[in-house]
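Undergrad: Pasting in a structure now, in structure tokens, and then I'll have a few things to ask.
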Amino acid sequence: MIDFGNFYSLIAKNHLSHWLETLPAQIASWQREQQHGLFKQWSNAVEFLPEIKPYRLDLLHSVTAESEEPLSAGQIKRIETLMRNLMPWRKGPFSLYGVNIDTEWRSDWKWDRVLPHLSDLTGRTILDVGCGSGYHMWRMIGAGAHLAVGIDPTQLFLCQFEAVRKLLGNDQRAHLLPLGIEQLPALKAFDTVFSMGVLYHRRSPLEHLWQLKDQLVNEGELVLETLIIDGDENTVLVPGDRYAQMRNVYFIPSALALKNWLKKCGFVDIRIADVSVTTTEEQRRTEWMVTESLSDFLDPHDPGKTVEGYPAPKRAVLIARKP
């Protein structure tokens, strides 16, 4: 069973202590009532993983752990089998004692695009909204963050995160909670808040921006990464039934429209840091994620369009400050 006690003990001693007024009851309710039917199977995979203290740990350039002496073929096979029980792996990659988890997304490429535009993360307390398996949280720690807290209600991601954490020597500098942002009080406690790949899934994108702002300290930094389309400050795509085969895509603004949304929500110093077309090299099927991926969602005769005829995925990173 996944235990959140270490996190409670950690925040009891810092400026997040007021979160303890609501968080333990929320987690207890989730443990009683909301667990996925496969959660026991996934958590067993985590439990059966060996506890290893890495001799070499690299979170700055990748998420890589190595032992002083190479593991035996049997040990490597055991780790690989247990990690495969947690498929599909969408966000990564991870290199753990000779087991290379080639995830659907090259999340390291996104991090390389984002990192040069961030304020120095050294010593910061960070919230990662919709953090997936937690890959970017480990990279935040590698960049000097004091604490990275991720929230994501997808329970497979929680188990993937806990599996990686165990293989990183039970590292307590990052924590994942199975919650959505709407379940968080206005903590106003994080130096940097990341929301990457979330906004277009929200029925009310401006409400999401307000929720992000409510988590930031004054002068805190928002890092927003989302789908965009080309156009002026009034351009917003509202897809029909699906976009790139996803049903839960509601609003895709232009980067300029998104700047206006952020301004309307009270953010300042707003800048478009990066715009990139998503390629089939960055998002693709692998042996760790064997179902459909981006190439299946694009028009086979025109890769500049989705199968529905919309512009193919393009993403922007915007940076803003809460005054």
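All positions are counted from 1 along the displayed chain.
For all residues, glycine too, the Cβ spot is worked out from N, Cα and C.
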Undergrad: According to Swiss-Prot, Lys91, Trp105, Lys110, Gly130, Asp152, Pro153, Thr154, Ile181, Glu182, Met196, Tyr200 bind carboxy-S-adenosyl-L-methionine; which one of Arg315, Arg321 is listed for that same site?
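TA: Between Arg315, Arg321, Swiss-Prot records just one in the carboxy-S-adenosyl-L-methionine site with Lys91, Trp105, Lys110, Gly130, Asp152, Pro153, Thr154, Ile181, Glu182, Met196, Tyr200, namely Arg315.
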Undergrad: Using all protein chains in view, find how many other C-beta atoms are within 10 Å of the C-beta of Asp152 (carboxy-S-adenosyl-L-methionine binding site).
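TA: Around the Cβ of Asp152 (carboxy-S-adenosyl-L-methionine binding site), 23 other Cβ atoms lie within 10 Å.
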Undergrad: What kind of secondary structure is Lys91 (carboxy-S-adenosyl-L-methionine binding site) part of, going by DSSP in three states?
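TA: Its secondary structure by DSSP: strand.
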Undergrad: For a quick check of packing: other C-beta atoms within 10 Å of the C-beta of Lys91 (carboxy-S-adenosyl-L-methionine binding site), how many?
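TA: Around the Cβ of Lys91 (carboxy-S-adenosyl-L-methionine binding site), 24 other Cβ atoms lie within 10 Å.
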Undergrad: For Glu182 (carboxy-S-adenosyl-L-methionine binding site), name the DSSP secondary structure in the helix/strand/coil scheme.
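TA: Where Glu182 (carboxy-S-adenosyl-L-methionine binding site) sits, the three-state DSSP reduction gives helix.
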Undergrad: Who sits close to Thr154 (carboxy-S-adenosyl-L-methionine binding site): which same-chain residues at least 6 apart have their Cβ under 8 Å from its Cβ?
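TA: The answer is Gly132, Pro178.
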